[in-house]
Amino acid sequence: MVSLLENPLRVGLQQQGMPEPQIIVIFGASGDLTWRKLVPALYKLRRERRIPPETTIVGVARREWSHEYFREQMQKGMEEAHSSVELGELWQDFSQGLFYCPGDIDNPESYQKLKNLLSELDEKRGTRGNRMFYLSVAPNFFPEAIKQLGGAGMLDDPYKHRLVIEKPFGRDLASAQSLNAVVQKYCKEHQVYRIDHYLGKETVQNLLVFRFANAIFEPLWNRQFVDHVQITVAETVGVEDRAGYYEKAGALRDMLQNHLMQLYCLTAMEAPNSMDADSIRTEKVKVLQATRLADVHNLSRSAIRGQYSAGWMKGQQVPGYRTEPGVDPNSSTPTYVGMKFLVDNWRWQGVPFYLRTGKRMPKKVSEISIHFRDVPSRMFQSAAQQRNANILAMRIQPNEGISLRFDVKMPGAEFRTRSVDMDFSYGSFGIEATSDAYDRLFLDCMMGDQTLFTRADEVEAAWQVVTPALSVWDSPADPATIPQYEAGTWEPAEAEFLINQDGRRWRRL
C-alpha cells in the first residue's frame, strides 16, 4: 500500500500550502465527535505534515477536566476508534498542544477565562492570534455561543477569527434566517464556515472536475440526453443512542436538507465562472432557487416519509423505530424520506430528480446516478428488456468511484446484448484510504478556503425547497398514517409508487 503522500493521482501536482499556526477551539469537546473525528483528523494532518507543529487545540465543555485528563481522554479515544494509527513519539508531541478550558455556554465568565487562556497560548505556542471556533454542540446552543463569543470580542478580527458551525443549520427556514441574523451581527460572511462533512468526501469534490473538465460528458448533462437523476444516501444503522436528537430532526432535517441537497446542487448546477468559493456557491444558490417539489398540491406525488418497523439485519432481529429506547411509541418522525424535484431552468426543464435517504436499509451506500434517455429504436434482442441502459453512477461511499453502464454484444452467434460497467475506483490505485472528510475541511478552513462550506443564502434556499413538505409533516399526525418499511428493506411501498408512477424504478444498489 502507498501512503496518501505518495498518491499517484497527485504526482506532478503542487501540494496545497501549509496554513499559519492557529488555535482551534472546540466547543462540546467532551462529546464523542471530538475523539472520534475531530482530533483524529487534526492528528492525521499533522502526521502528513499538512499543518504546522504549533497548531493548538483547546477543548471547551462543562466537565471539570484538567489539561492532562483531556489529553488522556483523547488518546483513549484514538486507541478505541483508530486502533491502526500509530501513537508514538509524534502523538506525544502533538498531545502537548491539547488544552482544556471548562465552561458553560451561557456564562460570560467562562468566555473571559477562555480568552485569557488563548492569549497565554499565543505567547507560549506562537499562534499569532489566529483562532478557529468550532461549535460541536447541540444546535439550540449555537445562538448563545455566538453571542457570547461576539460579546467577548473573540470574533472581532475578520481575518484572524473564524467560526465553524456543524449542521443542522436551523430546523426550518425561519430558524435558519434567525440564526443567520445572529451570525451576521458578529461576523463577516467570509469568517463563517457552515460545515457539511459530505462535501469533504473525494467523490463529491471530484464531481465538479468530472463535469467541467471532461468535454465528453458536459454536452450530455441536460434535458436532451438525461431521462432522470437518482440520489441515494442509505444507512444500515438505526437511531442508536441519538433518539433525543433524532425525534426532533428526522430524516429530512438530519440528512436530506443538507447532505443530499449538496449532492443535488453539485449535480444540477451550471458551470461557475471560476473555481473560487463564491462563484461555485452562487451557482448552487441559483439552481436551488429554480428547484421545487414536483407537486406541492398533492404531496404524496412528490414527497414520501416512512418509518422502519421491526425486521432483520445481517441475520439478527432489530426493533422498529417506535420501540427504540427514547422514542415516543406514537412517534411520527420519519426515518425515511423520498422526494421528487423539478428544476425550472433551460438545462433541466422536465427532468425529475429523485432523492431518497433512510435508516435500517439493506446497505450503507451513497450514490448519484444519471440515467440517460433510451435510444429512439430498439434494434437488438434482449435490449428491449432494458430501459435507460446507459447509467453513469458516482459512488460516494463505500468503494468511492465512478462507473458507466452501457450495452455490449454477448459472445455467440446471436445478436444478444447485455449491460456492462466500466469502472474507476480510488481503491484501484492501492491507496490505503482516501482523505477523510474532516481533515480536508479542517485544512480548508485553516487556509481560508470556503469552497466546501455553505453560504447563508444557500442554507436558506435549501430550506425553502423543502418547506412545503415540512409544513405538512410538522403538523400532528395519526401514527397509523405514517408508511412503514421493514428494517432491512429499501423503502415503503409509497416510495416505490413515487417513482413507479412515472414509469421508472429505484436503482438497486
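From the backbone N, Cα and C atoms, a Cβ is placed for every residue, glycine too.
Swiss-Prot lists ARG62, ASP104, ILE105, LYS167 with the feature NADP(+) binding site, giving sequence analysis as the kind of evidence. Here Swiss-Prot flags HIS197, LYS201, GLU235, ASP254, LYS359, LYS364 as substrate binding site. The active site, proton acceptor feature in Swiss-Prot is assigned to HIS259.
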Inset, instruction - Return the maximum Cα to Cα distance in Å (whole number) over the record's substrate-binding residues: HIS197, LYS201, GLU235, ASP254, LYS359, LYS364. - result: 20
Inset, instruction - For ASP254 (substrate binding site), write down the residues of its own chain that are at least 6 apart in sequence and whose Cβ falls under 8 Å from its Cβ; none is a fine answer. - result: PRO168, TYR246
Inset, instruction - Drop a 10 Å sphere on every Cβ of the recorded positions HIS197, LYS201, HIS259 and tell me which sphere holds the fewest other Cβ atoms. - result: HIS197
Legend entry - Diameter of the NADP(+) binding set by C-alpha atoms, the set being ARG62, ASP104, ILE105, LYS167, in angstrom: 21
Legend entry - C-alpha spacing of LYS359 (substrate binding site) relative to ASP104 (NADP(+) binding site), in angstrom: 34
Legend entry - Cα distance (Å, whole number) from ARG62 (NADP(+) binding site) to HIS197 (substrate binding site): 26
Legend entry - DSSP state at HIS259 (active site, proton acceptor), helix/strand/coil: helix
Legend entry - Between ARG62 (NADP(+) binding site) and GLU235 (substrate binding site), the C-alpha gap once rounded to whole angstrom: 32
Inset, instruction - Take the Cβ of ASP104 (NADP(+) binding site) and count every other Cβ within 10 Å, whichever protein chain it belongs to. - result: 14
Inset, instruction - Have a look at the recorded positions LYS201, GLU235, HIS259, LYS359, LYS364 and say which one has the shortest Cα distance to LYS167 (NADP(+) binding site). - result: HIS259
Legend entry - Cβ neighbours within the same chain of ILE105 (NADP(+) binding site) - under 8 Å, at least six residues apart: PHE27, VAL137, PHE141, GLU144, ALA145, GLN148
Inset, instruction - Provide, as an integer number of angstrom, the distance between the C-alpha atoms of the residue listed as 'active site, proton acceptor' and LYS359 (substrate binding site). - result: 14
Inset, instruction - Indicate whether HIS197 (substrate binding site) is helix, strand or coil by DSSP. - result: helix
Inset, instruction - Please work out the number of neighbouring Cβ atoms within 10 Å of the Cβ of LYS167 (NADP(+) binding site), leaving out its own Cβ. - result: 20
